[in-house]
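Scroll down for the structure; my scribbles are underneath it.
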Amino acid sequence: MPARKPAGARPEKPCPICGKPAVAASRPFCSERCRDVDLNRWLSGSYVIPVSKTDGEDAE
């Protein structure tokens with residue numbers, strides 16, 4: 001009999017770096033290597049979060 005997932009379980013998502021199935025130890029990645037690649041992208045500035053000015057901020 002196949003193992004059943006709980007009713008509220010989220011569907012498994014692939015590794016965001018290489019697309020392979022994720023493993024629990026490195027989730028959401030498939031390996032330590034993909035975790036390190038993602039961390040390097042954040043630290044090197046490849047990934048950025050856009051910021052928009054709001055009315056309360058002073059213009060410089």
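Placement of Cβ uses the backbone N, Cα and C atoms for every residue, glycine included.
Marked as Zn(2+) binding site by Swiss-Prot on the basis of sequence analysis: Cys15, Cys18, Cys30, Cys34. Within 10 Å of the C-beta of Cys18 (Zn(2+) binding site) we count 12 further C-beta atoms, all protein chains included.
A Cβ within 8 Å of the Cβ centre of Cys15, Cys18, Cys30, Cys34, the residues given for Zn(2+), is found for these other residues of the same chain: Pro14, Pro16, Ile17, Gly19, Lys20, Ala22, Ser26, Phe29, Ser31, Arg33.
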